[in-house]
Amino acid sequence: MSAIFNFQSLLIVILLLICTCAYLRALVPNLLDKNKTGILGIFWKCARIGERKSPYVAVCCVVMAFSILFMQ
C-alpha cells in the first residue's frame, strides 16, 4: 500500500525526511541553504524542523520504532 493512503506509513516517511535533511545539513550546509524557496525549499524546511525540534523528533522516532516493532 502506498504511504499516501496509510497514515502510519506517511508519518514514517515524514520522520525519515526530517531526520535525513537535518543530517545532510549538518554534513553539507551549503547543499540545503541555497534552496530556501520553491519545491526544493521543502528539504530546507525539514532540516530546520529537525534542528530546532530535535528532542521532539527523536521522541517521535523512538515511539514510531516501538510501534512498528511491537504493535504490528
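Every residue gets a Cβ built from N, Cα and C, even glycine.
What Swiss-Prot annotates here:
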CARBOHYD  N35  N-linked glycosylation site
SIGNAL    1-26  signal peptide
TOPO_DOM  27-53  topological domain 'Extracellular'
TRANSMEM  54-71  transmembrane segment
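For the topological domain 'Extracellular' (27-53), the list of distant contacts is 17-21: same-chain residues at least six beyond its ends, Cβ to Cβ under 8 Å. Broken down with DSSP, the topological domain 'Extracellular' (27-53) shows 18 helix, 0 strand, 9 coil. Summarising model confidence by region, the topological domain 'Extracellular' (27-53) averages a pLDDT of 88.
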